[in-house]
Amino acid sequence: MAIEPKVIEAFIEIPTGSQNKYEYDKERGVFKLDRVLFSPMFYPAEYGYIENTLALDGDPLDVLVIVSNPTFPGCVIDAKVLGFLNMIDGGEEDQKLIAVPTEDPRFKDVNSLNDLPKHKLDEIAHFFKTYKDLEGKKTEVGAYEDAEAAAKLIDECFARYKG
């Protein structure tokens, strides 16, 4: 029996369709342009993180929220976590949560990665496999894991943050 997806607040840094990589500077309370992607690619979903978490790469836990329309940097989205994509980036483990907004009726019946079009998951994996190629950096993309594994990962990252 499948578990109910965990609902989180996703703090969005980069809207769907952007080539700009923004990062939130907590000390200054502003969004800073970290870089523009070297490749003619764009973020395939809203990209951000869960506050008060600490992933294995030393940053807050990353989340992609698949939306009908782009939002904006600083938007907070209540989202159902469907699973995550395993990656290696810069030699470090890096997981990308995959989620959908709770407040969009188009995603009402989406409760697992299997409810998404396979092509969307392929787009996300392809993006993260190739988006740093022209920078001369390599990333490795692994398998997707389900909502139950994602819930465990989220709990671990909250606990790691609390130290």
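Just so it is clear, glycine is given a Cβ too, placed from its N, Cα and C backbone atoms.
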Exercise. Which of these, Asp25, Asp34, Asp94, does Swiss-Prot say binds Mg(2+) 1 at the same site as Asp57, Asp62?
Worked result: Asp94
Problem set entry | Three-state secondary structure, which DSSP defines for Lys21 (substrate binding site) | strand
For this session: Among the binding-site residues listed here (Asp57, Asp94), identify the one with the smallest other-Cβ count within 10 Å.
Result: Asp57
For this session: Using Cβ-Cβ distances, find the residues under 8 Å from Arg35 (substrate binding site) that belong to the same chain and are at least 6 apart in sequence, listing them in sequence order.
Result: Asn20, Lys21
Exercise. Neighbourhood of the substrate site (Lys21, Arg35, Tyr47, Tyr131): other residues with Cβ within 8 Å of the Cβ centroid, in order?
Worked result: Ile14, Gln19, Asn20, Asp34, Leu37, Tyr43
